[in-house]
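All remarks here apply to the structure that follows.
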Amino acid sequence: MARALVQLWAICMLRVALATVYFQEEFLDGEHWRNRWLQSTNDSRFGHFRLSSGKFYGHKEKDKGLQTTQNGRFYAISARFKPFSNKGKTLVIQYTVKHEQKMDCGGGYIKVFPADIDQKNLNGKSQYYIMFGPDICGFDIKKVHVILHFKNKYHENKKLIRCKVDGFTHLYTLILRPDLSYDVKIDGQSIESGSIEYDWNLTSLKKETSPAESKDWEQTKDNKAQDWEKHFLDASTSKQSDWNGDLDGDWPAPMLQKPPYQDGLKPEGIHKDVWLHRKMKNTDYLTQYDLSEFENIGAIGLELWQVRSGTIFDNFLITDDEEYADNFGKATWGETKGPEREMDAIQAKEEMKKAREEEEEELLSGKINRHEHYFNQFHRRNEL
């Protein structure tokens with residue numbers, strides 16, 4: 001048993017060693033997060049963030065994240081990391097978000113930016129590569145955005161992906177693979193997957209061409225030779241004995257008529273079978289415009305609007321390894337999700353108990369006040 005555990009541990013360590021982690025943030029060092037994250041000063045009215053685990057949590061320190069603090073505000077904050085390209089690699093983007101204020105209208109999504117982003121002036125017009133996460137507004141909008149920037153345009157997934165709308169922490173994961181497949185997960189479970197080119201309506205941008213027919217493949221029809229003649233000499237005859245060439249000229253040898261070209265003769269090299277071939281990707285076109293590649297990823301941030309504040313963002317991760325992301329999610333959100341719900345349930349019971357006690361006090365106070373009122377009225381009548 002011990003040997004098996006050691007082997008499992010070794011495999012896990014090997015996986016960690018093979019994974020490339022481009023960015024990881026858990027906010028475990030207190031206020032030092034301000035050294036890594038930069039608040040935009042583009043607009044003095046932007047809302048501010050604070051580090052908080054909220055009113056209820058699974059672990060007071062581990063569940064601390066960036067929390068919005070002001071109602072009816074835009075928010076803009078970002079963090080840099082070493083620029084990289086995901087060309088030929090899987091790209092995994094993951095984070096947790098908790099709308100403990102029971103979101104009525106506002107964003108809970110993140111954005112991934114190119115390395116040349118101007119952090120100090122980050123705003124709604126700043127170009128981004130990827131926008132991913134929940135967006136809620138009223139009864140109509142309760143969706144997960146997955147927007148990709150491609151060829152100077154933003155393209156959104158055409159499928160309606162529902163988000164979570166309760167007040168608990170949820171784990172959101174986006175996986176983009178080099179084979180142009182993708183996966184969207186919530187709480188570790190796949191809720192949508194498919195093809196990037198089809199689910200973003202990008203098929204026209206990924207062109208396909210038919211390769212030229214093989215040069216050694218015979219054509220399906222043959223043309224009549226340019227020197228084709230309808231008649232030919234009758235080789236069985238000879239010049240007449242009394243024919244005088246000086247007087248009569250050249251002897252016109254008898255000619256025989258050839259059968260018509262179409263009259264049952266089959267020209268050589270004819271193949272009536274259809275030449276079968278498969279469509280092939282135009283690799284030159286795709287190399288220049290690949291639908292899942294971003295050349296200069298260098299920042300992650302929050303740029304959103306909220307009517308009611310209180311959302312907490314935590315456990316940010318950008319990596320090239322799906323298994324690492326899965327394990328990271330289990331080690332963070334997976335460890336605290338249960339205790340978080342337990343604490344919320346306890347608080348709810350306490351609040352209900354307190355509300356009943358206050359109601360009973362009000363009722364009791366009302367009865368006492370009524371008795372005092374009747375008593376005073378009785379004495380006034382007696383005095384009269």
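Just so it is clear, glycine is given a Cβ too, placed from its N, Cα and C backbone atoms.
These figures come from a predicted structure and were not determined experimentally.
Residues or ranges marked as region 'N-domain' in Swiss-Prot: 20-197.
Sequence annotations record features per position, and here Swiss-Prot assigns region '4 X approximate repeats' to 191-245.
Annotation source Swiss-Prot lists region 'P-domain' at 198-294.
Per Swiss-Prot, the feature region '3 X approximate repeats' maps to 249-283. Confidence across the region '3 X approximate repeats' (249-283), taken as the mean pLDDT and rounded to a whole number, stands at 57.
The region 'C-domain' annotation in Swiss-Prot covers 295-384.
Residues annotated as repeat '1-1' in Swiss-Prot: 191-202. Helix, strand and coil counts under DSSP for the repeat '1-1' (191-202) come to 4 helix, 5 strand, 3 coil.
Positions annotated as repeat '1-3' by Swiss-Prot: 221-230.
For 263-271, the entry in Swiss-Prot reads repeat '2-2'.
Per Swiss-Prot, repeat '2-3' is recorded for 273-283.
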